[in-house]
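As structure tokens, the structure follows; a few thoughts come after it.
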Amino acid sequence: MRVVFKLPDELRQELKNPLGELIEGNIPEPYVKAKNIIEGDDGVLITVGDVVTENIMRVGLNPNLAIYDHKTERREYKPRIIINGVLLTVKNPPGTITLPLLKSIKKAYSLILNGKSVHIVVNGEEDLATIPAVLYAPLGATVIYGQPKRGIVLIKVTNECKRRCAKIMRRMEVVRDGD
């Protein structure tokens, strides 16, 4: 049976608010600021989004986990991303979090614990992947995702932000085959 977590309309507006620290500015400014914040940090670095992953790599940081979909703002995008690790691909329709996406993110963290870097290329849309990326991340990890027209959002993973993401997941509509 296929299970999908679907974003209900009432959560859509809420998720337009940053889940962490908003770093505003034009490229490359937010990425340079993010680098200064996290440089020297031994924690796991996760990027969500093509533009975010590309620009984090451009300022000299290599994410342990990069999740992207070859799109930006719903348009095709060919990021200049060097895949320097394990490549996983997964299907995930827009506005959803599928079980295969959840399993890929969990698998990625186990690979990271074994010293690997992981890229998850999503066929569909990765916009909601930040939620499970935070949920499954080790405490102290940094998750960075894009905030359209504003900049990037930097999340330091704590128990509190894990609880917030779990609460969001619980509020999503669970759809099973045949529903």
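Note that Cβ sites are derived from N, Cα and C of the backbone, with glycine treated the same way.
Swiss-Prot has this to say about the protein:
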| type | residues | note |
| --- | --- | --- |
| BINDING | D50, V51, V52, D69, K71, E126 | GTP binding site |
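Where Swiss-Prot records a feature, it is marked here on the structure.
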{"residue": "D50", "record": "GTP binding site", "Cβ contacts under 8 Å, 6 or more apart": "Y68, D69, H70, K71, T72, Y77, P79, I81"}
{"residue": "V51", "record": "GTP binding site", "Cβ contacts under 8 Å, 6 or more apart": "I27, T72, Y77, P79, G146"}
{"residue": "V52", "record": "GTP binding site", "Cβ contacts under 8 Å, 6 or more apart": "Y68, I144, Y145, G146, I152"}
{"residue": "E126", "record": "GTP binding site", "Cβ contacts under 8 Å, 6 or more apart": "V48, G49, I67, Y68, D69, N92, I120"}
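Other C-beta atoms found within 10 angstroms of the C-beta of K71 (GTP binding site) number 20, with every protein chain shown included. Classification of K71 (GTP binding site) by DSSP places it within a strand. Around the Cβ of D69 (GTP binding site), 24 further Cβ atoms fall within 10 Å across all displayed protein chains. A Cβ within 8 Å of the Cβ centre of D50, V51, V52, D69, K71, E126, the residues given for GTP, is found for these other residues of the same chain: V48, G49, T53, Y68, H70, T72, Y77, P79, G146.
Once the Cα atoms of D50, V51, V52, D69, K71, E126, the listed binders of GTP, are compared pairwise, the greatest separation found is 12 Å.
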